[in-house]
Amino acid sequence: MIGKYLQQSFMMLKQQPLFSCFYIVATGLAISMVMVLAVLYYIKIGDIYPETHRSRMLVASSAHMQYTKDTDWNTTWKFSIPFVKDCFYSLEGVEAVTAVSDADSWFVKVGNVKRPLSALVKLTDTGFWKVFDFSFIYGQPFTDADFQSGMRTAVISEDMARRVFGKGDAVGEYIKLNYTDYRVCGVVKSPSYAMKLSYAQVWLPYTCQPAYVRDNNQWGVIGPFQVAVLLPSAADADRVKLQVDEYVRKFNTLPHDDYHLVMHGQPYLYWKTLFYVNDMDDLDFFVIVRQMGLWLLMLLLVPALNLSGMISSRMERRLPEMGIRKAFGATGERLFSQIVWENLLLTCLGGIMGLILSFSMVYFAKSWLLTMLDGGTQPLPDSVQMSITTDMLFNPTLFAVTFVVCVVLNLLSALIPTCVALKKDIVYSLAI
């Protein structure tokens with residue numbers, strides 16, 4: 001039966017090419033807007049190289065010290081290494097924990113070139129290579145012995161290796177960063193700048209930079225490091241968070257100049273960090289869901305109303321056909337099913353067009369679209385190019401979202417006009 005409906009739908013496409021083209025284009029434009037958002041959110045929270053374990057990762061990105069006698073007095077930043085060691089490195093029942101700094105721009109001296117290049121450098125630990133699934137093309141990560149002794153070793157991206165040394169295999173070479181030599185111990189496949197937590201062009205052990213490790217605040221909390229925790233499974237998140245909450249509770253029982261630490265529910269599962277924009281407030285998921293629901297409703301409802309008008313005018317022209325088929329015994333359910341399948345075919349064709357449009361928009365406008373969800377459209381740092389990989393675009397999740405959007409848009413646009421047309425009696429329909 002469905003095959004016959006689809007065959008009749010293709011006949012309708014040939015009989016009404018202008019209507020079909022307008023319908024498909026309108027559907028494609030509507031779906032492309034939804035899909036652009038879906039692609040952006042997937043890139044930000046999906047399991048993508050090298051952050052292939054996001055679905056079972058906890059992240060703590062900010063520390064908030066609040067004055068107990070006047071809550072308007074606040075200090076916020078990230079975490080210090082002493083606090084990370086006491087609170088996070090000691091967590092039980094986790095696969096790995098890493099402390100990682102933001103990517104800072106350092107000078108890179110290249111041969112006889114007078115003007116130095118710049119590179120984004122992250123300071124981290126040996127757990128970083130367990131939490132994030134980097135692919136080593138040459139060499140290996142810095143070892144625990146290198147880390148403990150503060151050896152000046154570096155892991156660099158393949159792009160950086162080719163820029164500095166003119167070749168991919170740079171293991172054993174020395175790279176001059178901020179006029180200090182570091183021995184290259186490994187070269188990794190270059191990640192995309194969209195992977196903000198792990199992205200850099202050079203990774204160094206933080207122990208080779210004592211100024212970053214030193215505790216410079218009176219509470220022993222504030223510092224430059226974020227923390228990522230790799231869990232055995234996402235179901236272990238609450239158990240691990242209870243350990244963090246217990247440590248914070250004990251920490252706050254000690255005197256800290258009338259300040260206490262507020263974690264605001266951290267560490268969060270990775271996908272929740274996308275919505276964490278204020279270091280001094282808890283996440284309100286009701287507000288987030290409401291806002292996203294309103295955006296989705298606007299993006300689907302407005303085109304659905306336009307498409308509904310187009311379907312309504314077409315149904316008026318098809319009333320005689322409906323009247324004749326009713327006269328020969330066709331039920332309202334069968335007619336409704338056929339019309340819905342006809343519209344679903346057009347909507348799916350529009351969905352394919354919308355998917356192609358959304359991929360094109362994300363690819364060609366990637367430099368600002370992929371930074372839009374980070375709180376702005378800031379220009380990319382020097383020497384950084386935004387890259388889009390195939391696993392960011394071609395994946396079952398996005399295709400499933402496209403199909404669901406097509407079905408919802410089809411039902412929203414076809415339901416009312418079809419029901420109104422089918423309620424008309426046979427005499428009225430034949431008299432048109």
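Even glycines carry a Cβ here, placed using N, Cα and C.
Note that TrEMBL annotation is computational and uncurated.
What you are looking at is a predicted structure, and each value in this text was computed from that prediction instead of being measured.
Quick look at what TrEMBL lists:
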- 21-43: transmembrane segment (TRANSMEM)
- 26-246: domain 'MacB-like periplasmic core' (DOMAIN)
- 292-312: transmembrane segment (TRANSMEM)
- 296-425: domain 'ABC3 transporter permease C-terminal' (DOMAIN)
- 344-365: transmembrane segment (TRANSMEM)
- 398-422: transmembrane segment (TRANSMEM)
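Counting Cβ pairs under 8 Å to the transmembrane segment (344-365), the top-ranked stretch among 21-43, 292-312, 398-422 is 21-43. Under 8 Å from some Cβ of the transmembrane segment (292-312) lie the Cβ atoms of residues 19, 22-23, 26-27, 29-30, 33-34, 37, 343, 405, 408-409, 412-414, 416-418, 420-421, all in the same chain and six or more residues away from its ends.
Restricting the average to the domain 'ABC3 transporter permease C-terminal' (296-425) gives a pLDDT of 78.
DSSP labels the residues of the domain 'ABC3 transporter permease C-terminal' (296-425) in these numbers: 103 helix, 0 strand, 27 coil.
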